Amino acid sequence: MYTLHLKMWEKFTSLQNKYIPTRLASTYLSIILTNSLDIMSLLIHILLFQTGTTMFRTSFLLLAFMAAATSIASTDKQTYVVHMDKAKITALRLALGDSKKWYEAVVDSIIELSTQDEEEETSPPQLLYTYETAMTGFAAKLSIKQLQALDKVEGFLSAVPDELLSLHTTHSPQFLGLHKGKGLWSTHNLATDVIIGIIDSGIWPEHVSFHDWGMSPVPSKWKGACEEGTKFTSSNCNKKLIGARAFFKGYEARAGRINETVDYRSARDSQGHGTHTASTAAGDMVAGASIFGMAKGSASGMMYTSRIAAYKVCYIQGCANSDILAAIDQAVSDGVDILSLSLGGASRPYYSDSLAIASFGAVQNGVLVSCSAGNSGPSSSTVSNSAPWIMTIAASSLDRSFPTIVKLGNGETYHGASLYSGKPTHKLLLAYGETAGSQGAEYCTMGTLSPDLIKGKIVVCQRGINGRVQKGEQVRMAGGAGMLLLNTEDQGEELIADAHILPATSLGASAAKSIIKYASSRNPTASIVFQGTVYGNPAPVMAAFSSRGPASEGPYVIKPDVTAPGVNILASWPPTVSPTRLNTDNRSVLFNIVSGTSMSCPHVSGLAALLKAVHKDWSPAAIKSALMTTAYTLDNKRASISDMGSGGSPATPFACGSGHVNPEKASDPGLIYDITTDDYLNHLCSLNYTSSQIALVSRGISFTCPNDTLHLQPGDLNYPSLAVLFNGNAQNNSATYKRTVTNVGQPTSTYVAQVQEPDGVSVMVEPSVLKFRKFNQRLSYKVSFVAMGAASASVPSSSFGSLVWVSKKHRVRSPIAITWQSKDKGVFY
């Protein structure tokens, strides 16, 4: 009956002389012997008769069992991220002197119980990681019975199956208004003690962007390391790249040992993604950067003087959640100031989102966490990384393009985009669909194209199923001479430039219809002309691929937060990785152009580092507020930022958040909306999170919801944007939110409220004037929203407006999003 607890006691007593004072032994024994029921009886008993913390964590266990049972036998193992209550296990960990020994004791203790009812022998659990700083817990490979045994461990909160997440600039600084020697890039603002942690696919340390010429010694606050591994030594780090680590235990537990012929068991980058994002955030200034002569200029990270710490968590098949958590935990302990994560997974409640939990721990330690919004647009409610303490970044374009001209034999002309650097094609025959191969040839997938039909021709390929450059590879392998890559309605007119391995160009959805029709005519022909690099296009324009709000989790906060350059971004690249990453592509480049929210995220990470250098005492929320309230919503032609995902209509806050980042304005925002970690936890109280769910987010740190939770409302989180949910079935809808702003501008200043009301809603601000008399003074206001009648077919599902506080010097803007929700149907109206 007491097998589990006696096993734990054996582990403790074996360490007692060294780690456990005798006077505490009886206390530890009473804790260990707390539960004595058979584990399954205990689960049933709790489900039938108990509530609260135990009920909640048991539910987590049962969910974990169900998920595991669908894919593994009871004696097989799966990796789990195990969350522990920090408050309940601290005494025991302190007594052992080493927290890792506590977790080893926990893992060892479950072996005997998990095998006592089985005839076959089961291998022991395997401890992969322990988490100490950003979250509290461990990752381990466990069988289902070993997982069940966790419920008898003091301090256990939940176990979540590990999963693989996916990875989600010569001209960027100038487009953002950053100029060497001026403003934020003036010498006194470019502090070199700010450290940006890049959690990604690693880094290519020899790249010129990561040289440390002229840099001062490594900051004394840095506690990290330069770990050695495959083709990576401690000498690969320097005063620029001050640390590098690789985390792959979770990945290998799921995908098997890393194939070192295609990847590295070290921080070295085999994919290019991590090198690209690291240099975008903090790469040194490099003159003469380009790809095949295009996008020429000086490449630079947003804060090119900051230090970089690279944490590799992504490999060929993806990024294991357990590895990501280990990296976040380590990075915070190492001393980073900013964390940049261009990756993500499916949206889920914060209490079961390990990335959200670890990010909360980072914010508790003063570290701003910047994450990509995802590339699942333009569909609504696709945004990921939407926890309010995370800065969530959408993607939009620069004013730079790489245009092409496609001339059809019927005289029609269309404009596209490409990074192909060769000569223009002559007029060649077109092939499409059944004139190009077998069923599926219209998508140019593997094995569908016929060499007899397409040799020497330009092949028309529709997007979908396989990647853009993979389609070109199939065309070339089958003997085709070129490719027209056609957008679907989802991509609209968005043109992504790729470094194709044959003459090829992307074309918008409107051109696609005409080209497909013409390609089906008799003897159709086409030619492609490549025009290099062009500047001055309307920008920014929201990318169709950029994931959209409203967030499925936490709809009372507008997500994404801001947008930043993420389309056709030039940044550093490993010379051993081809620009297309195709095995058949033997080209080598030092800089590559890539698109995605993965590219926009490090822009903001670098800008956050700039603000941290200027305002060392600002909290993560303050930096976030400054970037949000100073963002702009007009493009370089003074028109509203348009959205490729909605046919060129004005972008809404669910696409671009507060707008496009404006770093020079953000350095002097006038007012900020600050948020403490307790504020975030109170927000969870207002969402009706249970104490156990809140404990998961807070890592067991003691927190009690206020007694008057009925007066808490989700909209009262002191966020720099305003999201309101109304009942679409009700006649009378109203809400009143409270906000508090802190004066970080001129000591004596007066701000007047200016409101642009959303359609169908009246907005009132009280007071409408804020008068500040000193620096850091805090003043509060209330904003009330009243719907003018019930939702109807004539009222859109969402409407938008803004609240701007205006002084003689500053404009502090917050977007407003009103969403009518049908409660009985559980869908948005």
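In case you wondered, yes, glycine gets a Cβ from its N, Cα and C as well.
Pulled from TrEMBL:
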type: ACT_SITE; residues: Asp200; note: active site, charge relay system
type: ACT_SITE; residues: His273; note: active site, charge relay system
type: ACT_SITE; residues: Ser598; note: active site, charge relay system
type: DOMAIN; residues: 79-168; note: domain 'Inhibitor I9'
type: DOMAIN; residues: 193-645; note: domain 'Peptidase S8/S53'
type: DOMAIN; residues: 450-515; note: domain 'PA'
type: DOMAIN; residues: 716-818; note: domain 'Subtilisin-like protease fibronectin type-III'
type: TRANSMEM; residues: 28-48; note: transmembrane segment
type: TRANSMEM; residues: 55-74; note: transmembrane segment
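Counting only same-chain residues at least 6 apart in sequence, those with a Cβ under 8 Å from the Cβ of Asp200 (active site, charge relay system) are Leu167, His273, Gly274, Thr277, Ala278, Ala310, Tyr311, Lys312, Val313, Cys314, Ser340, Leu341, Ser342, Leu343. Its Cβ taken as reference, Ser598 (active site, charge relay system) is surrounded by 29 other Cβ atoms within 10 Å in the chains shown.
Counting every protein chain shown, the Cβ of His273 (active site, charge relay system) has 25 other Cβ atoms within 10 Å. Secondary structure at Ser598 (active site, charge relay system), as computed by DSSP, is helix. Note on the domain 'Peptidase S8/S53' (193-645): mean pLDDT across this stretch is 95. Mapped onto three states, the DSSP output places Asp200 (active site, charge relay system) in strand.
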